[in-house]
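Visitor: Here's a structure for you.
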């Protein structure tokens, strides 16, 4: 394989002496954690608590991030020390006279500290104290008041009490198996089922309900109010990484059967649903799919009451805003054999028991459903119920889930019908008919019900189950089956129907959860696959399950051990390799070509005469050289898996791997009336015709399909960032509160928890390329003139943050950071970005204000221009209208002036006539006035001659005041009279309106009367044949009314004319009074007197006018009535 030029350059650089290295590349960090003091027993957490006060005093003089990094550095330093201790303990087996451990033992004796020692009687670890030591490697340990002598290899140091029940196992001062077991046991006893082992979450199944879930905890973890280990925290970390890095994430849940993987997966989905719930509305559907998949894919086994008999990968997609927009479900290798064969104490799939217990009476009657004990497929294991499980209630929840996932009611009933058909197939029996053990189907209730539920002919069904067709040239021969063959044919039909139904349900779920156009490339995949299994009798199904777990363990090792350590070594940083248990040898045993177990199984399955015994012999012949394989007598063989050694029996391996698909069964399904069965048959027929070559036929084997699915799954997981959850089963009896140390220890060893903690405490979980670090945290640099070289920029960033050198290492291509450093950098970045945002906010505010002021000033100027233009236009319009109005005003003024002159002339004329009449009286008044004038002149002379007395002056002043008051009163009266005049004008307008309406009415009456008169004239025209006397009479009788009518009309016209003239006079007279402006008291009195005269004249005319109007109305009405009577008489006489 050719190496790239970059790799060659890096390899050559590694070989160069440190003095010859390029200055542009960093030298590997020389930092190594110092060896711990032998007497050191307290953890970093405890030391930090002691020095808290001093740190608080010094905090003002330190950078805040430096303090956090220093505390993290102390923790990491302790971690590295513990690694050295553990390494020393591992080496003591080779050199039992290690002086360091002897000194440590003396320290433990002197301080009376505890150690762990395994008791041979029960194999349990117990706490004891070292009582004494010898010159050899033997120590005396006191256990429960009994002394026991042990070698140095048999004891391990115990952690102080302050570290009991720590959340993260990396916080333990002494890292060994008994310390891990004890810490998990303490937490398990307190219902703290979650613990951390570096990046891995350890979940111990409590086998009971614990109060650490629900809305309160969901909200707390969303708000980062809690940081305790929890499945919610893992899901939250996956979500944050997806949104921040825009990379797909995966949550891989593993563990043995019964460890709680399915429940853990459901809680992870629940948190993601709460975190990413949105307007798309699919989050509830995603949760409800668990109910459907558990019912159809889970069953009770001897080790787990709710064991998943299939693997599933739920890929949840998110929008750019982090909201769930859809999901996709993938399933792997459903255990079909469980439909027909069960071990004692186990159950078939949950759905069958739920259907029998929870179906409504109407549904049971329609589908012929009986109790579960009536079906052979269910009662063969003598286990029909599960403790603390209500199958009827589960069935009702299943119905709700069907509705939420939008499976139509019609298809729900068809699904239940096929389930009932599978149950009744188990009750189909056969009868032997000859000595060759050939059989035929017994025509009983079971056959009838199966044919009815499938929608096929019962006779056709019986033929298919008891015979098989063989092609002999062009002829097709029907061959009878033996009892074993017929039973297998029946069971094959049941398994085909159930497996096809399961796959169809998965397709319907995917249709309901389809992402569509909302796909953004951001997803979180949750893997829940069957756990490691080892029973008394292990067959093909257990081999497939354990093979899948081996592949998952390799993925786990690859990401947590191999890739990380290879990256450390390849990038040139200082690193001490951590050993771990690698299962690659076991995978080679299974997968290696051409002599791997899978290849040999496929090869043997293609030989028609091959048997399970020949297959077992071939395995022993080719695989004995592998350390993970061990042949047994007969058909048995052993494989040393990562989780333990398992004994397999090859009985049924070949037949189950071939999984022959009978053409007769496909044809039977295609003839059924059930639409689902027709759909299943079409797909199976397509798959049956698909293989065209030998290699294709090999790929059709069950193990080949399973291997292909497994590799596809691994490739998908490799493209994601993994988050691991290891589920631990505390006891094999599934009892709450029971903690079996040996059972837990075996699982911890299989998971490599000890090695995970070691590598987590001494490793660098966060790594970024120089370019990524420079781009992401370049904003932390205050000096913008720094070199643009990413390496130099990265170093400057780390120096700017005052990070201790032991908290990071600089590699050839990446920067490696210890735990906690990235959070400090993120906090510093947030702090700087908040300042930048504040500055941007202020600047944008200034820009906005300036823009607003400019816009306001421009608007004011524009408004002024517009108002000026409008004013000019209005001035032109007003000027033109003023010219017109001035001409009209002049004409009106001339008319008013003319009227004024006429009224003035009339008033003078009236005055002259009045003066002529009153001339004698006036002369007398003149004489009296002259005498009065002489008297007044005499008084004036007297007043001039005599001084006015004060009392007289006061009297005169009071009189003046009275006169002024009288003038004011007269002015008020004048105002009142003007108001009254205005009211009279209003009344006049009303009267005028009424008169007009009355005039119209009378005009109409007159028109109708004239028409009647004209008609009467036409009717009463002079008849020359009539007598002269009659004509004379008629003429006189008609003539009089006509004259009267003409008289009435003339009266009406006179009244109308008089009314018009009078209205003009009444309207003009007050105006003339108003127009004459005079402030003298005499003129005011004259105006008031003139107004009273106008008022009295108007009242008098109004009264006379009303009288004449009534008389005229009476005459007109009388003439109208006579005309009607005359008209009637004329018509009658005519």
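Cβ atoms here come from the backbone N, Cα and C positions, even for glycine.
What you are looking at is a predicted structure, and each value in this text was computed from that prediction instead of being measured.
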Visitor: Write down the single range among 554-588, 589-623, 624-658, 659-693 that appears in Swiss-Prot as region 'Actin-binding'.
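Guide: Of the candidate stretches, Swiss-Prot labels 589-623 as region 'Actin-binding'.
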Visitor: Kindly report the helix/strand/coil residue split of the domain 'IQ 3' (891-920) according to DSSP, in that order.
Guide: 29 helix, 0 strand, 1 coil
Visitor: Per 10 Å Cβ neighbour count, which of the binding-site residues 305, 308 ranks highest?
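Guide: That would be 308, with the highest Cβ count within 10 Å.
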Visitor: For each of 255, 258, count the other CB atoms within 10 A of its CB; which of these binding-site residues has the top count?
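Guide: Answer by Cβ density within 10 Å: 255.
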Visitor: Around residue 311 (ATP binding site), how many other C-beta atoms are within 10 angstroms of its C-beta?
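Guide: So the number of other Cβ atoms within 10 Å of residue 311 (ATP binding site) is 23.
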Visitor: With every protein chain in view, what's the tally of Cβ atoms within 10 Å of the Cβ of residue 261 (ATP binding site), excluding that atom itself?
Guide: 26
Visitor: For residue 261 (ATP binding site), just give me the three-state DSSP call.
Guide: helix
Visitor: Compute the average pLDDT of the predicted model within the domain 'IQ 2' (855-884).
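Guide: Taking every residue in the domain 'IQ 2' (855-884) and averaging pLDDT yields 90.
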Visitor: Secondary structure at residue 255 (ATP binding site) (DSSP, helix/strand/coil)?
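Guide: Looking at the DSSP assignment, residue 255 (ATP binding site) belongs to neither helix nor strand, so coil.
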Visitor: What does DSSP say about residue 308 (ATP binding site): helix, strand or coil?
Guide: strand
Visitor: In the domain 'IQ 2' (855-884), how many residues does DSSP call helix, how many strand, and how many coil?
Guide: 30 helix, 0 strand, 0 coil
